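Q: Before I ask anything, here is the structure I am working with.
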Amino acid sequence: MPVQEVPWRWLRERRESRALVLVVVFVALLLDNMLLTAVVPIVPTFLYTTEYEGAKSSATPDHVESAPLPSRAPPFSSLFSYFDNTTVTVTMTVLDDSANGTAQQVNTTERSSLPRTPESSCLEGDEFLANENVRVGLLFASKALVQLVVNPFVGPLTNRIGYHIPMFTGFSIMFLSTLMFAFSGTYTLLFISRALQGIGSSFSSVAGLGMLASVYTDDLERGNAMGIALGGLALGVLIGAPFGSVMYEFVGKSSPFLILAFLAVLDGALQLCILQPSKISPESTRGTPVVTLLRDPYILVAAGALCFANMGVAMLEPTLPIWMMQTMCSPKWQLGMAFLPASVSYLIGTNLFGVLAHKMGRWLCSLVGMVVVGISLLCVPLAKNIYGLIAPNGGLGFAIGMVDSSMMPTMASLVDLRHAAAYGSVYAIADVAFCLGFALGPSTGGAIVRAIGFPWLMAIIGVINITYAPLCWYLRSPPTKEEKIAILSQECPMQTKSYPAQKPQRDFPLTDESDVEAENAE
């Protein structure tokens, strides 16, 4: 065999490997969620620095010019500004007793410009920060809102043209969004960048999870694969917020996004090699319409668990950094590090319960997880410093990992049992549930914090999770489609057609031979 044919033969063999498909989905979810969380610690402080401090600094020269000038030549004193690292020149005057009022005014300006001590280093502009809760919440929610609109179209699209082209489309849009984040300097451009990311995420997540469900048809293997893929999501969340805050603090705003754009290019190259995104590979089974799936109460219960569990952390993303800035006087690098315990525990939870949930019962795993989510959220406002956030955020991430790793395979199992085994539409619904949580969470969370305060927000979403948890009991043993047809046939005898619980396992449709086999099987 010629030497030059060896790489091509290896590549053809790898294209039939389910493990490499899992790697592609893992990397796509990793980068998407790194971008998702990298902006969390950057946006609040960036808007504060550019808008509040920018407006304040532009007004300062007018104030200085309007003050009466002394008759003597004044000395000058250079002071260090805590936020923008610039030198502020303050005029020091010594006046006689007849000008005490003017002297008092100048001295007051000097004291307000001194570097803040750790005890009094909280940010100024309480009204600006209160309004920023709402604006930052809407910006974060824009991704989920757009994703919410796009998902119902992406699910049926994957049933018609396959998963490969939507996956690559998602990569391309995410790459463009990342570059826009790097060079956006206003709230409007950041909003557009975040919304554009929602379109890319919709294509990547629906196509990626549907691809895994179609490749891993065994329930146990599917659960393990979903756990690993969600581990990529968890790792992205784990790295994103600390990575963004540290790079923003010590290098600059554009640096984390440029690095993510470079990694996205590598992901695109991997997809070109493995998935052949120019090839149309429709599902062999005609998918159940989304409307039909939405009428299934068991799918709705599973989707509700995903929505409310993730809504808790979605409400924390825009509100926790601002609450820390107001109450803990935290520096910028701590705003991202506060999410580190949740990210680490989520990574552990998804990988651990990807296997354990199948043994203990996915319904029970999800029920316990939602209760722990509620308790953890109730404990968040009790923290007095960043160290007090370790336990509640760690419990929150671990519990959400339990829910996600249980409910994502359950969605595919419900389709196998009760509908036609095509997974694009059901994972569009699962992604809609995620997006609903990440849309309602930030958008309503900021308004609730402004109205009644951060502790009450945590209490509300915590109680909602604990109240919803018992509904997971209904997922203990959902009836199959055959059982439903049998019940109907007793009441009204008729000729029926039954669908198997699982379609026959076949090779991943990346080669012409596997497509021919799928057509012959039909």
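Don't overthink the numbers, they just go from 1 along the chain as shown.
Cβ coordinates are placed from backbone N, Cα and C, and glycine is handled just like the others.
Fair warning: this is a prediction, and the values are worked out from it, not measured in the lab.
TrEMBL lists these features:
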TRANSMEM  20-43  transmembrane segment
DOMAIN    21-480  domain 'Major facilitator superfamily (MFS) profile'
TRANSMEM  136-154  transmembrane segment
TRANSMEM  161-183  transmembrane segment
TRANSMEM  195-216  transmembrane segment
TRANSMEM  228-251  transmembrane segment
TRANSMEM  257-277  transmembrane segment
TRANSMEM  298-316  transmembrane segment
TRANSMEM  336-356  transmembrane segment
TRANSMEM  363-383  transmembrane segment
TRANSMEM  389-408  transmembrane segment
TRANSMEM  420-441  transmembrane segment
TRANSMEM  453-475  transmembrane segment
REGION    496-522  region 'Disordered'
COMPBIAS  510-522  compositional bias 'Acidic residues'
Q: Same chain, outside the transmembrane segment (363-383) by at least 6, Cβ under 8 Å from its Cβ: which residues?
A: 302, 305, 308-309, 312, 316, 320, 349, 353, 356-357, 389, 391-393, 395-396, 398-403, 405-407, 410, 454-455, 458-459, 461-466, 468-470, 472-476
Q: Considering only the recorded stretches 136-154, 161-183, 257-277, state which has the highest number of Cβ pairs under 8 Å to the transmembrane segment (20-43).
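A: Out of the listed stretches, 257-277 contacts the transmembrane segment (20-43) most.
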Q: What else in the chain is close to the transmembrane segment (136-154), if you only count residues 6 or more beyond its ends and a Cβ gap under 8 Å?
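A: For the transmembrane segment (136-154), the nonlocal Cβ contacts are 36, 39-40, 43-44, 47, 166, 187, 190-191, 194-199, 201-203, 206-207, 290, 314, 317-319, 322, 424, 428-429, 431-432, 434-447.
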Q: Using a Cβ distance cut-off of under 8 Å, indicate which of 228-251, 298-316, 420-441 has the most pairs with the transmembrane segment (195-216).
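A: It is 420-441 that shares the most Cβ pairs under 8 Å with the transmembrane segment (195-216).
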Q: Looking only at the domain 'Major facilitator superfamily (MFS) profile' (21-480), what is the model's average confidence as pLDDT?
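A: Residues in the domain 'Major facilitator superfamily (MFS) profile' (21-480) carry a mean pLDDT of 78 in this prediction.
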